Amino acid sequence: MFCIQCEQTISTPTTKGCSYTMGMCGKTAEVSDLQDVLIYLLQGVSDYAVKARSVGIVDQAIDAYVCQALFSTLTNVNFDAARIIAFINEAQQNRDSLKSRYEAACLLAGKAPEAATGPAALILTADKAELLAWAPNAAVNRNYKEIGEDILGLRLLCLYGLKGAAAYMEHARVLGQQDDEVGAEFHQIMMFLGTEPTEMQPLIDCAMQIGQMNFKVMALLDKGETETFGHPEPTRVNMKPVAGKAILVSGHDLHDLEKILQQTEGKGINVFTNGEMLPAHAYPAFKKYPHLVGNYGSAWQNQQKEFAAFPGAVVMTSNCIINPNVGKYADRIYTRSIVGWPGVTHIEGDDFSTVIEKALSLDGFPYDEIPHYTMTGFARNALMAAAPAVIDQVKAGNIKHFFLIGGCDGDKQERGYYTEMAKAVPQDSLILTLACGKFKFNDLEFGDINGIPRLLDVGQCNDAYSAIQLALALAEAFECGVNDLPLSLVLSWFEQKAIVILLTLLSLGVKGIRVGPSVPGFLTPNLLNFLNETFDLRPITTVEQDLKDILAA
């Protein structure tokens with residue numbers, strides 16, 4: 001086992017990355033090694049997807065499969081070895097399907113097909129022991145002594161960024177948004193990484209290409225969400241329990257939330273969101289369901305305590321899941337899509353009757369707690385509508401600075417930095433936030449500036465797209481570049497979606513980003529120095545020092 005993809009990975013002066021019997025996330029060495037094999041085989045599928053496209057063959061089902069399977073290897077998504085082996089078997093079937101169709105098309109065209117090499121030529125059995133025996137050949141650090149730590153770090157930056165993009169592509173596909181050009185670009189990048197590149201500049205270019213591609217993906221996802229559910233509107237959300245039977249929906253998948261709401265109508269069940277599902281309350285399509293009563297709990301790292309205390313059924317629609325046996329709720333949590341945990345019931349299709357039956361059999365909340373509200377829904381449309389008023393307040397000198405403080409949350413004590421930073425932001429500044437990092441401070445009162453709330457919850461992690469659109473609109477209004485705006489980005493990262501959002505921002509030329517609570521373990525001192533010199537990317541220090549530097553710039 002070797003895994004260094006998330007922020008909680010082992011990091012000491014002598015050891016970088018999880019490499020023992022279990023990762024810090026709870027992933028076993030067995031699952032980690034199987035995921036390495038899966039990624040290697042997926043690069044072979046992409047190789048043949050590129051070849052097939054050269055003869056006019058595009059298979060959207062296989063395009064979707066590759067993203068789904070790669071998504072399953074993100075942090076806190078799938079811990080089930082049997083499910084990973086099923087993905088491995090499907091990878092070889094899909095590759096062989098593309099191969100046979102590609103070779104047949106070449107034969108018809110009277111040209112010789114390109115020979116398969118590397119991942120595209122690998123044939124493995126379905127036997128777990130044999131897969132694990134072969135796994136060292138697919139380890140992400142398999143030849144680091146020959147290539148050096150800098151090249152390995154760049155390969156991993158690209159791979160982990162591509163994982164994040166794959167997740168967003170799958171979220172978009174579920175909502176009917178699948179773009180063949182983006183799919184082609186994705187396969188080309190996967191194929192490139194499968195060649196085990198050893199040159200620094202092509203890998204840097206690849207990282208920027210992933211960022212640019214993900215900007216298109218975020219636009220697709222934004223389109224899918226807004227065309228399906230309407231544009232989010234500023235909305236007040238109750239954060240306290242409501243009496244009655246209950247289902248909790250966590251993850252990111254709005255499609256699943258809609259199906260659950262439809263199937264629970266009239267059944268006396270209240271539906272609560274959790275974590276990154278909080279922004280769902282702002283979509284017009286969900287406001288017609290009175291039994292969507294509020295949000296329960298906070299960020300992913302608190303689920304073992306919060307889910308254990310929740311007296312109903314829980315549905316995990318995407319990341320992040322952690323060991324449900326700790327809180328003894330494995331018998332009432334259900335996984336969806338690419339999510340998996342051994343022994344937990346997995347739901348295929350859109351029938352949530354099993355979840356509903358479980359919720360009805362449980363006690364539910366005995367009484368209403370005193371409501372406590374937070375605001376969400378300041379996504380692209382709402383921000384664009386507010387932009388003229390914001391611009392007027394900037395010109396009047398009432399708004400002097402914008403802060404984007406958000407990203408992934410986690411359980412490290414150092415993440416208290418983000419709470420203190422939000423508290424310390426001057427009263428003449430607006431704070432935009434997104435993703436589960438908002439839970440570090442969204443229960444605080446920030447007031448407003450002449451009717452404009454000082455805290456603006458943009459939405460889920462992918463709604464960084466909305467924040468980017470606001471920045472572009474402000475830059476246009478003030479006839480300057482984004483980097484010339486009084487805008488500071490203070491981001492918290494944890495997993496691969498955050499990595500691809502960072503690459504997206506860097507590929508758009510955004511500079512001066514602060515990242516914490518620590519820097520990614522796969523980035524070497526040389527790579528960090530390059531990112532600092534090229535993009536002014538820097539780690540957080542202290543609230544006092546960072547705020548002083550930001551406001552003095």
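From the backbone N, Cα and C atoms, a Cβ is placed for every residue, glycine too.
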* Can you tell which of CYS206, CYS320 Swiss-Prot lists as binding hybrid [4Fe-2O-2S] cluster with HIS252, GLU276, CYS408, CYS436, CYS461, GLU495, LYS497? -> CYS320
* How long is the line from the C-alpha of GLU276 (hybrid [4Fe-2O-2S] cluster binding site) to the C-alpha of CYS25 ([2Fe-2S] cluster binding site), rounded to the nearest angstrom? -> 19
* **Euclidean distance between Cα atoms of CYS3 ([2Fe-2S] cluster binding site) and CYS320 (hybrid [4Fe-2O-2S] cluster binding site), Å** => 17
* Counting only other Cβ atoms and using a 10 Å cut-off, which of the binding-site residues CYS18, CYS25, CYS436 scores lowest? -> CYS25
* To do: Note the Cβ centroid of HIS252, GLU276, CYS320, CYS408, CYS436, CYS461, GLU495, LYS497, the recorded hybrid [4Fe-2O-2S] cluster site, then list each other residue of that chain whose Cβ lies within 8 Å of it, in sequence.
  => GLY275, TRP300, ASN319, ALA435, GLN460, PHE494, ALA498
* Structure fact -> Minimal Cβ count within 10 Å, across the binding-site residues GLU276, GLU495, points to GLU495
* Structure fact -> For [2Fe-2S] cluster, residues beyond CYS3, CYS6, CYS18, CYS25 with C-beta within 8 angstroms of the site's Cβ centre include exactly ILE4, GLN5, GLN8, THR9, GLY17, GLY23, MET24, LYS27, SER32, THR75
